[in-house]
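Per TrEMBL, the features are as follows:
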- A:24-213: domain 'Cytochrome b561 bacterial/Ni-hydrogenase' (DOMAIN)
- A:28-46: transmembrane segment (TRANSMEM)
- A:52-71: transmembrane segment (TRANSMEM)
- A:118-137: transmembrane segment (TRANSMEM)
Amino acid sequence: MTESGSGLSAGLSPKGQATATLPRWDPLLRLTHWGVAGVVLGNYALTKEGSSVHIALGWIGLGLLALRLIWGFVGPAEARFASFSPNPMAALRHLASLARGQAPHYPSHNPAGAMMAYALWACLAVLTVTGILMTGASPMKQAELEAAVAAGDWSAVVEEGGDGEENESPGGEALEEVHEVAANLILLLALLHVAGVAVESRVMRRNLVAPMLVPRRRRR
Amino acid sequence: MTAQASSLLAGRRRPVALALFLLVQMFAAVFFVGDAIADVLEGDVGPHLYFEMLVALALALGVGLGALALRQTLEEMKAQDVALASARGALGDVIAAQFTAWGLTPAERDVAFLALKGLDVAEIAELRGRAAGTVRAQLARIYAKAGVSGRAQFAAWFVEDLLGEGLETEPQHG
Ligand code: HEM
């Protein structure tokens, strides 16, 4: 089986040592991470604002976020919020020790990474909620509407009053404003986030990305 | 046999399958909750809404229970890994001690370890950058020091050690 090569390697593989103290991310955490990254980047770069794909990705983002938040309470130790509670001072201390080239290992996210994770999730929550409030309809409603239109029944659209291109409600403008600011913010944060991962990986010579990609047992 | 069919939900890939399943369930739950909220906001209350709420509740419960099941699976696998690693470490210690007892040289120890791991002469030679003849000679010296006839007996030496307790219980003659 896949285990055949690792029989008695306990003392023989110095390569395994470098990553030995990095947390081992579970599959659900990895799925939600790359799902969220895909949703954020996809809606930034690929989809047209307000298009049905954009809206669908937003709902998927909300589902991913909700699942990750549940996982923060019931997941394994390294995924639980309790093991990376927000602590701005500890985050600054971590960055300082990183600058000195001696950032310690942590059982979960490092304090700076933890702050970043909460900031990204907060942005995503604001984004999805404002987005949904702007469209005012769930995907199922949207699909019903589209099906009705496809069947030649335009009354459904008329009933809704306008097609959402322009928000008549006074709150609409504000929602849109918040949605846009949050979108720009999450992109900026994601950029910082990737830069942070790259810097720590380089300075401390630990590959932080690999545990996010594949479980350790399959890395060689 | 059934190995193929059950490998997805029984093997190492089980957590991934469970996580994917949870994801799909979560999407469905979010959509149904969203639709139910939209219905309420639009004053569209009726049997349709109650049915939707029921589905949403069932899906949410499913997500919660699925998450707990996934956590349990992950913890079991972690415990297995720890047990395996410590067993491996213990066996490694036993082997290293025995190599010392046989008086193997550092080079012979390396070759002996690789032989125990199941590598053949050509593979060992390549790994160590030595000629096959050299490795064969080293193996011969190792077997001589261990007092065994060949590779099979050499490996069996440690398996026997591992099963030692079990063998003691057999009736002994003489
Ligand atoms: C828009 C894009 C992205 C977003 C919104 C995002 C968001 C996040 C979040 C929320 C976490 C915390 C994970 C959790 O606990 O569930 C995280 C962790 C992580 N992300 Fe990203 N991410 C993005 C892109 C990337 C990319 C492109 C990479 C790879 C270069 C990456 C590498 C990582 C790593 C390595 C961690 C774990 C950090 C640690 O060791 O503590 N992320 N990310």
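Keep in mind that glycine also has a Cβ here, set from the backbone N, Cα and C atoms.
Note that the structure is a prediction, hence the values are computed from the model and not measured.
Proximity of distant same-chain residues to the transmembrane segment (A:118-137), defined by a Cβ-Cβ separation under 8 Å and at least 6 residues beyond the stretch ends, is recorded for 36, 40, 50, 55, 58-59, 61-62, 65, 68-69, 86, 145, 160, 164, 167, 171-172, 175-176, 178-179, 182-183, 185-186, 189-190, 193. Listed as Cβ neighbours of the transmembrane segment (A:28-46) (distance under 8 Å, sequence separation of 6 or more from its ends, same chain) are residues 54, 57-58, 60-61, 64-65, 67-68, 71, 75, 79, 120, 124, 183, 186-187, 190, 212-213. Mean pLDDT, taken over the domain 'Cytochrome b561 bacterial/Ni-hydrogenase' (A:24-213), works out to 86 on the 0 to 100 scale.
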